[in-house]
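Structure first, commentary second.
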Amino acid sequence: MGLLTLLSAVLTIPVLVMAWAPLPERELAYGSASLALATIVQVVIAGPFYPKAIKALVFSKVIEMDLLIVLSTSAAYIFSVVSYGYMVAGRPLSTGEFFETSTLLVTLIMVGRWVASLARQKAAESISIRALQANTAVLVGHDKTEQEIDARMLQYGDIFKVAPDSRIPTDGTVISGASEIDESMLTGESKPVEKQVGSPVIAGSINGMGMLTVRLTRLPGDNTITTIACMVDEAKLSKPKIQDIADKVASYFVPVVVALTIITFVIWVAIGIAVRNQSGSEAVIEAITYAITVLIVSCPCAIGLAVPMVIVVASGVAASRGVIFKSAESIEIAYKTTDVVFDKTGTLTEGKLAVVEEAYLGDDTAQIQSLLLGLVTGIKHPVSVAVATHLIGQGVAAEVVRDAKAVAGKGVEGNYKDEFLRAGNSRWLHTSSMTAVQSMLVKGLTAFCFTIDKKLVAVLGLQDTLRPDALNTISQLQRRGLNVHILSGDDDGAVQNIATELNIPTDTVRSRCSPGDKAAYIKDLLAAKSESSKKARKPVVMFVGDGTNDAVALAQATIGVHVSSGTDIAQSAADVVLVRSDLACVLTLINVSRKAMHRVAFNFGWSFVYNLFAVLLGAGAFVNARIPPEYAGLGELVSVLPVIAAAVLLRWAKI
């Protein structure tokens, strides 16, 4: 497109010079040269528009913008050819020929499309996550030899070395060394993250001063970079509902403009004959200039760009701040959120539970601990991980438990020899009324009970810490008039303690929730009318969770937000993923949506205002002011540039 645009400009400039420059009068020579150049522009540059417009009209029964371009450029070109013929015959028309109009129009259309394409490309490049992928990796062989290879050749089980100040080629786990990693290009968090043996590392992040040896966990084609890039691409390519409005307006635009062109022509013919006492030919010629101008100045390009340009830039702005929109529809509706529902563990809290109290009710404490460790080992739920870490820290050796599996919202169960083991919350195990359990619940601890053949043998009390940014985030949401809720499967005391710290009303707090209970609560919210504004409106419910047992709630909510740990992004079916474990990203999410939709509204408004006044000026509605046909082509840039600017400036907006 760039070369065609340049060629069109090169051919158009001489035509403009011959039309507008104060040159010696050689009308026939200049007219002949302009005809030749304009014909090349019309055939070579504008030629591809013709088959597209005709195919869309004949086969798809769709009137596209290309048809308007074909009509306007053809009308200007044909009129100029006819005018040139009259001049050659020695009977020049009063209007003269204006080849500069058709050539300039084609050139400006090409420039407008090239600028729009370039703007979208630059916006996409600015958020090109794939550019963070390292091209090479230092592979460590079984004999400890090192070899630099193409990163795409890495396989499962490979071990690679990461030198200081180099980019990590793919996701993995540190097996030796320690360092600080800069993950800001992926998460937006500027503070380096400490990594040591056992820590996960993310592809694309930059190693600090230490040397790391890493075992690959995800291939370069399936790592965090690729996953995020695919999500961003999906959001950019998806079409929000508001785009349907733009498409519908654009579909009616061309027929309306054609109708206005005909009306303009008829009116000016009538005015010329009845009011100005012109001859029929003079009136027709003048009316044609007005009609051509109306065709040329009308521009649906701005309407077509109003939404997609903003979506592309907004997706990039959000991604640079650690928020990944997986669909354009999420950008469209997030700012309308009326209720924000938070999971507790791992979302409002750090998710780093610690066992602070324990009670064993059986005779053989060591055996109970071994069985419990065997049961929870390998279970990814934060409570199970905390219990396993605690027991391992005490030097407990795990027994082999068969068929161990997690029961969503309840706990874990498995078999040891002929004994049936269960560990989880007290409601599931029907132990809430027991003294050992009550003593922990009244302290606001999370009670984790362990039973063997339905007999309670151990109770562990766990405690979590509130995220440092939780209070500020909740306060800001409440100041904006949003209703904040907590849904948790944890015990009453633990949940109420968190709610009290965050100043969340007790009537919007629910504890002891199963995944089904969470989904039902959200369904009830969606069915109710929002009272957060004077005018009742349909609720928009955002659920924010860490993904553990939250799949049903994420799906039920209007917008499901997954708080990611960085490498588990692909595991979420949420609408939005927070790459950075920072609750302030919820505010960023809403702010980006609001800023984006404000710009979409501006673009629609500008498109309407421009076309209204352009058509009125082109049609001669203002008697003493009109747009001459030779300058009408400038409307393409005048209409499109503000739309592009509004979208691109979103990158520097305060969010």
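Every residue gets a Cβ built from N, Cα and C, even glycine.
According to TrEMBL, the protein carries these features:
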type	residues	note
SIGNAL	1-19	signal peptide
TRANSMEM	29-50	transmembrane segment
TRANSMEM	62-86	transmembrane segment
TRANSMEM	98-116	transmembrane segment
DOMAIN	134-231	domain 'P-type ATPase A'
TRANSMEM	249-275	transmembrane segment
TRANSMEM	287-317	transmembrane segment
TRANSMEM	604-625	transmembrane segment
TRANSMEM	631-653	transmembrane segment
Touch test for the transmembrane segment (604-625) and the transmembrane segment (62-86), at least 3 Cβ pairs under 8 Å: no
Per Cβ pairs under 8 Å, the stretch of 62-86, 249-275, 287-317 packing most closely against the transmembrane segment (631-653): 287-317
Beyond the flanks of the transmembrane segment (62-86) by at least 6 residues, Cβ under 8 Å: 31-32, 34-35, 38-39, 42, 46, 49-50, 52-53, 56, 92-93, 95-99, 101-102, 105-106, 109, 250-251, 253-255, 257-258, 288-289, 291-292, 295-296, 298, 300-301, 304, 629
Integer average pLDDT (0 to 100) for the domain 'P-type ATPase A' (134-231): 88
Positions whose Cβ lies under 8 angstroms from the transmembrane segment (287-317), at least six residues beyond its ends: 65, 68, 71-72, 75-76, 79, 95, 101, 105, 112-113, 116, 119-120, 123-124, 126-127, 232, 235-236, 240, 242-243, 246, 249-250, 253-254, 257-258, 260-262, 264-269, 272, 325, 328, 331, 592-593, 595-596, 599-600, 603-604, 606-607, 610-611, 614-615, 617-620, 626-629, 632-633, 635-636, 639-640, 642-644, 646-648, 650-651, 653, 655
Residue counts (helix, strand, coil, in that order) that DSSP gives for the domain 'P-type ATPase A' (134-231): 18 helix, 36 strand, 44 coil
